[in-house]
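This report refers to the structure that appears directly beneath it.
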Amino acid sequence: MGRIYNFSAGPAVLPEEVLKEAADEMLDYKGTGMSVMEMSHRSKAFESIIGEAEQDLRDLMNIPDNYKVLFLQGGASQQFAMIPMNLMKNKVADYIITGQWAKKAFQEAKIYGTAKAIASSEDKTFSYIPDCSDLDIDEDADYVYICENNTIYGTKFKTLPNTKGKPLVADVSSCFLSEPVDVTKYGLIYGGVQKNVGPAGVVIAIIREDLITEDTLPGTPTMLKYKIHDDNKSLYNTPPAYGIYICGKVFKWLKKNGGLEAMKELNEKKAKILYDYLDQSSMFKGTVRKEDRSLMNVPFVTGNDELDAKFVKEAKAAGFENLKGHRSVGGMRASIYNAMPIEGVEKLVEFMKKFEADNK
Ligand SMILES: Cc1ncc(COP(=O)(O)O)c(C=O)c1O
């Protein structure tokens, strides 16, 4: 069997070219006679892998020198704790609740201090992004937290919140490298890489250097201090070396394909194909307020659970995998990350049209 179109929300599709290159280098990485998996993380070969990965990411995102790039572990979920442990100097933080991941981060932060929910879209099943232009930001807030792209609900912040001078912390797990970003608008940007960047097991955190201090909450484990990872250039302990190597290859693939401007253009084009169809279909409907629609995760429903299930089943048989919506919302969701080719989306829409005609 060949490759299918994988619409999974994560772990998700990676560029075929990257996978092939990694396959070619599997047994003998650049004349070292071993795989990157078998290599010391203190070796010259790995030092250049991680060094190049960082530089390529800096180039792609135009990361200023006063921001540190850390390659960490523990999934995005570990950041839910690591952020308050490292940043809650006043023990106060404001959270904007736009879905389950933001909510989980909020609940975790409550363990460590006063976390406040200053806005939420839960009243309408997180189908929109609340107005964040004039929120009641606590004077003592150490940071304002958002989940920038809501993987489950398919919403995305098109305008960042007005944090009234407080550092903005953003979980970008599901929109990482999908379009250009102005890093200077954030105190901390982080994401698990298993959606748009690489294999599960790596978390990238981009942190303004003044936010990295010795002054963490009492009891913070050494491994959960940003400072220790920064001081050791992400090599305090054995890093997820193979994962970082694949991320590095994806960065090179992105650079070769025109960087984040080109990705944005392509992602807009891909998303438009799907949203345009949803907007005129009499069977399938998008679930998100139009102006808040994500370019990466596109949820839709027929309004009939049986028909949804039939669609998912038939789509799978036709080579479109992982279209089932998140277990908490049902329906369907097509995740169309950077590595999903435009043909994948075109063919999905063709399939949906046929399904609509056949099931009238
Ligand atoms: C936006 C977002 N944040 C956090 C997570 C949790 O990531 P992890 O499984 O790496 O902890 C996910 C996972 O799907 C996600 O989509």
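Positions of Cβ are set from backbone N, Cα and C atoms, glycine also.
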- Query: Given that TrEMBL lists ALA76, SER77, TRP101, THR151, GLN194, ASN237, THR238 as binding pyridoxal 5'-phosphate, which residue among ASP56, ASP131, ASP171, ASP215 does it place in the same site?
  - Reply: ASP171
- Task: Express the distance between the Cα positions of ASP171 (pyridoxal 5'-phosphate binding site) and LYS195 (N6-(pyridoxal phosphate)lysine) as a whole number of Å.
- Result: 13
- Message: Need the DSSP three-state call for THR151 (pyridoxal 5'-phosphate binding site) to compare against my parser.
- Response: coil
- Close-lying binding-site residues around ligand 1 among ARG42, SER77, TRP101, THR151, ASN237, where CB distance stays under 6 Å: SER77, TRP101, THR151
- Which chain-mates of ARG42 (L-glutamate binding site) that are at least 6 residues away have a CB under 8 A from its CB, listed by sequence? LEU235
